[in-house]
Amino acid sequence: MISLTPTPSLVLHTNSTVFFVFPIRTRKTPPSPSSPSRIRCSSGSGVQEVRKSSEERELSSELYASVPFPAVKAAKRVVLVRHGQSTWNEEGRIQGSSNFSVLTKKGEAQAETSRLMLVDDSFEVCFTSPLTRSKRTAEIIWGTRKEEMIMDSDLREIDLYAFQGLLKHEGKAKFGAAFHQWQVDAANFNIDGHYPVRELWARARSCWTRILLHESRSVLVVAHNAVNQALVATAIGLGTEYFRTLVQSNCGVSVLDFIPRAEGGSPYICLNRLNQTPSSPVAAGSSGGRKASNRIILVCHGSTQSNAETGFPWAGDQPMDMLGIIKSQKTAELLLDLKVSSIVSSPKKACVETATVISKVQEAADCLGVDCVPRYVETKQMENLDVEDILQQSSEGKKEIPPLRPGWLNEFEDKSTGAVWEQSEKAWQSLLNEVADEAKSEKVVVAVGHPALHIALMGHCLNLTKEWLGSFHLDAGSITVIDFPDGPNGRGVIRCINYTAHLGRWSIPITRSTLDDEEFSM
């Protein structure tokens with residue numbers, strides 16, 4: 001039990017009312033604060049108590065998307081940040097919701113980097129976990145802001161009960177099969193009569209109700225790895241089986257846009273950015289706690305000459321403008337940390353130009369000394385990566401479609417999104433074949449294409465349907481990294497989405513002003 005004493009600038013959020021019924025499968029054990037047997041929910045006539053049997057809780061991930069969110073009156077942007085490196089992160093100890101670790105010097109520096117990322121943003125409120133490592137990160141990022149900070153106990157890290165405090169090898173030795181299940185089947189992992197991941201998803205869903213009902217348009221949330229995963233997943237309608245699929249690095253920043261519907265009701269929700277990290281997103285490391293030697297990197301080409309003239313990102317086969325060329329060079333620089341195995345691109349001019357810049361830099365990377373020989377990187381064009389013509393035909397006469405704004409793919413007709421989806425499925429299979437080359441133990445494939453195509457590829461990676469196309473966003477010049485920690489035939493883990501920090505002064509801001517409603521208009 002954590003005891004908290006609020007100060008004038010820190011308000012303890014004690015209202016733990018859950019406004020919507022959320023499915024949790026539990027064993028027949030006495031209820032705990034994080035796994036209630038009685039749930040309060042709202043109805044048209046007021047608040048009523050609802051009891052759910054274990055059978056009724058056996059619901060698939062599709063139901064997560066069907067539970068409505070509170071309506072928002074204006075566009076709301078929520079920025080999620082994981083805390084900086086903690087002492088127990090450094091030791092490799094299982095933290096869970098314990099409160100014994102603090103930020104390391106590296107963790108403090110990471111938090112300062114995140115503060116600089118967000119220094120120009122006019123947040124109206126900050127929600128934070130009450131645990132010390134998260135609260136301290138929030139204080140560093142919040143800086144001298146005078147706006148309200150709210151500590152919400154539901155933002156604490158996942159409750160791992162008897163696992164907490166153990167080194168990973170100790171957990172394996174002491175719990176054996178249970179620890180193995182935690183590693184390979186976390187959604188069904190059971191310990192001390194609890195299903196931690198299911199409880200976490202329920203907590204995350206209740207947090208969204210409070211965040212969205214708060215009268216603010218720009219919100220900072222500082223919490224933890226697992227709970228931030230759950231917040232992202234529940235926002236876009238993904239179930240517990242997606243745990244460890246959407247990576248959250250220390251002080252990684254993720255952005256979600258909540259856009260009001262003209263007819264009211266649950267808002268459009270778009271994952272604008274995932275895991276913008278203080279360090280390089282392609283540097284050596286793990287994804288979801290596991291090492292990955294196979295990787296697909298999706299690179300969006302930079303702006304083209306037609307973008308500047310028409311404002312539309314699908315206006316014909318045009319070469320890049322000067323800004324687009326600069327962005328392609330910045331991307332090539334970022335990828336110097338990797339030995340790219342092959343580069344595939346759409347046959348469109350801007351994509352081919354971007355792929356060429358990346359390949360030339362890769363080939364010269366190992367030739368910095370006198371006796372070095374340039375390395376050859378296979379580069380080829382793939383027709384399946386080309387969706388610009390589909391979008392161009394669909395957009396004719398529809399100037400109201402906002403180019404590359406959050407959720408812009410929602411504005412296209414089902415016929416067009418269906419065609420993009422069908423084309424992207426073929427492209428995804430081709431990329432999987434590329435990364436599964438048995439001749440190389442490590443394979444890094446770079447794919448250069450249009451943002452709409454890459455959004456669809458992410459959907460296939462996550463085993464979604466075309467209805468999710470409007471749930472993701474990419475900017476020109478951005479990169480998205482997909483790792484395969486279980487090998488090329490295993491499930492993909494998304495390490496980052498819409499990463500643009502490498503673009504330097506031309507990077508896309510992590511957050512944008514929400515003062516102008518047109519910024520997020522649909």
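In case you wondered, yes, glycine gets a Cβ from its N, Cα and C as well.
Quick caveat, the model's predicted, so the values are computed rather than measured.
Pulled from TrEMBL, these are the features on record:
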type: REGION; residues: 28-54; note: region 'Disordered'
type: COMPBIAS; residues: 35-46; note: compositional bias 'Low complexity'
type: BINDING; residues: Arg82, His83, Gly84, Gln85, Ser86, Thr87, Trp88, Asn89, Arg133, Lys168; note: substrate binding site
type: ACT_SITE; residues: His83; note: active site, tele-phosphohistidine intermediate
type: ACT_SITE; residues: Glu157; note: active site, proton donor/acceptor
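Positions of the features from TrEMBL, shown on the structure.
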residue	record	Cβ within 10 Å
Arg82	substrate binding site	29
His83	active site, tele-phosphohistidine intermediate	33
Gly84	substrate binding site	28
Ser86	substrate binding site	25
Trp88	substrate binding site	20
Arg133	substrate binding site	29
Glu157	active site, proton donor/acceptor	24
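In this structure the alpha carbons, written CA, of Ser86 (substrate binding site) and Glu157 (active site, proton donor/acceptor) are 13 Å apart. For the pair Arg82 (substrate binding site) and Glu157 (active site, proton donor/acceptor), the Cα-Cα distance reads 10 Å. It is 13 Å from the Cα atom of Trp88 (substrate binding site) to that of the residue listed as 'active site, proton donor/acceptor'. Our reading of the substrate binding annotation (Arg82, His83, Gly84, Gln85, Ser86, Thr87, Trp88, Asn89, Arg133, Lys168) yields a largest Cα to Cα distance of 21 angstrom. Counting only the Cα atoms, the space from His83 (active site, tele-phosphohistidine intermediate) to Arg133 (substrate binding site) is about 6 angstrom.
Geometry remark: the residue listed as 'active site, proton donor/acceptor' versus Gly84 (substrate binding site), CA distance 14 Å.
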